[in-house]
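Chemist: For reference, the structure I am asking about is given below.
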Amino acid sequence: MSDPAEVPTASPLLETVGLACERDWRMLFERLDLRLAAGEMLQVVGPNGSGKTSLLRLLSGLMQPTAGEVRLNGRPLAEQRGELARSLLWIGHAAGIKGLLSAEENLTWLCALHQPASREAIWQALADVGLRGFEDVPCHTLSAGQQRRVALARLYLDAPPLWILDEPFTALDKQGVAQLETHLAGHCQRGGMVVLTTHHSLQQVPAGYRELDLGALKAASGATVEPALGDPA
């Protein structure tokens, strides 16, 4: 990664203020001040156990911080519980789909929880991720990579502006990885935001790519750290 550069001055749409996370009586990180604006991609890196997934879950509203708060569009996340589905999309490390349902049924169910989608839109999204002809196939018969594609098809529907993705490239083949990289970069170029963890070395990133090293944050004993602009590691 290149040397840290000046942090963009665009108004942050996602920010944390004094964020701290403790798990099993161990402080993973603290005093984290993070700002992310439209068009930016933040890759969270760090050794195992540094709190990467915990941070993503905090940003998604799936966990409560030990201290501090997360703000989305200038408002505390805790005040937006009923609105989060319109503002952010979380896809975790596991595919999160139901094996007895077909690919189409899984997407219909997932979209109904957030933003309902037409059958035509769902079929097109499945085609976009290379699953044309698998719409009615029970997901338990699909490979791990195909199941991952079903989950990622949500990114090709009417998705919210903020995407929070935990290891999205897991189980994807080379073609699937390249396609997803292009799609994520395009989302940022259109004014969206992406926060992700991945062990994959990114080859395509938007101009607003940034990196947050939780290992460095821990080594600094919780000092406030701004993510650095830079090339993917």
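Each position is counted from 1, following the chain as shown.
Using N, Cα and C of the backbone, Cβ positions are placed for all residues, glycine too.
Keep in mind that what you see is a predicted model, and the values were worked out from it rather than measured.
Features from Swiss-Prot:
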type    : residues                                               : note
DOMAIN  : 14-233                                                 : domain 'ABC transporter'
BINDING : Gly46, Pro47, Asn48, Gly49, Ser50, Gly51, Lys52, Thr53 : ATP binding site
Chemist: Tell me, what is the mean pLDDT of the domain 'ABC transporter' (14-233)?
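Modeler: Here the mean pLDDT over the domain 'ABC transporter' (14-233) amounts to 90.
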Chemist: Give me the count of other Cβ atoms within 10 A of the Cβ belonging to Gly46 (ATP binding site).
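Modeler: A count of 19.
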Chemist: Fewest other Cβ atoms within 10 Å: which of the binding-site residues Gly49, Gly51 wins that one? Let me know.
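Modeler: Across Gly49, Gly51, these binding-site residues, the one with fewest Cβ atoms within 10 Å is Gly49.
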